[in-house]
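K.L.:
A single structure is presented below for examination.
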Amino acid sequence: MTRKPLIAGNWKMYLTRAEAVELASAVAASSKGLTDREVMIAPAFTSLAAVQEAVGGADAPIRVAAQNVAWEKQGAFTGEISAPMLQDVGVDMVILGHSERRHVFGEDNAMVNRRLVGALEFGLTPILCVGETLEEREQGNTFKTVEEQLSQGLKNVQADQMEQVVVAYEPVWAIGTGKTASKEQAQEVHAFIRSTLVALYKKTLADSVRILYGGSVKPENIDSLMAQPDVDGALVGGAALDAESFARIINFT
Ligand code: 13P
């Protein structure tokens, strides 16, 4: 079983097109020649084409992802972007169910599942984000929340499709707060996620799924997080907007 580490930058609603191309070029430069890990960046929709053009292509050192996708090919869905539209600009990965989509924009597990099933049908690689709020953690409901997000988010996802899926554990209380989960807290939930995947699928498949940690990942904590047996990468917000910090995170040891 080998799980190639994935270091992913979620740029959220930041950067103009020119700024995005500049940062993407810097990330591509720091990722050149790395073969034992994958690097991904997720710019805003408006920058995807320009970023893909600047750093994309079959032998590109980094992958470019979108931050959400609709489930239909086209139609009356104001404000949405479809998978074929993303593929048209060379994008083949997408972040789904991010905590900000869930908690600011009200996306529930059913909607996240619909997006995920659609993304897989169109051939996009989804990163399914899960994670508990502080209240859920304090009430002892971390595992319950994460289990529901996984089982409902992955409803109707077949085993062969699951091979494409990446999971990201992002405790809501750690996102943008500077409060990282300790390496023990991260490992505990990552192991729980893997055991849930064993129950939903089977062990060999669960062992091959990459589980990323997200929430205040920084140059100072990446090495100890990556040393955990079930942490297979990181989904980085704030620190991914700084070329130097992200380069250090990419080059975790
Ligand atoms: P921060 O790294 O800024 O906490 O954001 C994490 C995140 O939401 C990545 O998707």
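Positions of Cβ are set from backbone N, Cα and C atoms, glycine also.
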K.L.:
To which of G56, G176 does TrEMBL also attribute binding of substrate at the site defined by N10, W11, K12, S216, G237, G238?
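P.N.:
TrEMBL lists N10, W11, K12, S216, G237, G238 binding substrate, and from G56, G176 it also lists G176.
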K.L.:
For ligand 1, which among the binding-site residues N10, W11, K12, G237 have a CB under 6 Å from it?
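P.N.:
N10, G237, in sequence order.
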K.L.:
Taking DSSP three-state, what's G238 (substrate binding site) in: helix, strand or coil?
P.N.:
helix
K.L.:
Pick the one among the binding-site residues N10, S216 whose Cβ has the fewest other Cβ atoms within 10 Å in this structure.
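P.N.:
Sparsest of the binding-site residues N10, S216 by Cβ contacts within 10 Å: S216.
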K.L.:
Taking the mean position of the Cβ atoms of N10, W11, K12, G176, S216, G237, G238 as the substrate site, which residues outside that list, in the same chain, have a Cβ no more than 8 Å away, listed in sequence order?
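P.N.:
Once N10, W11, K12, G176, S216, G237, G238 are set aside, the remaining close residues are I175, V236, A239, A240, L241.
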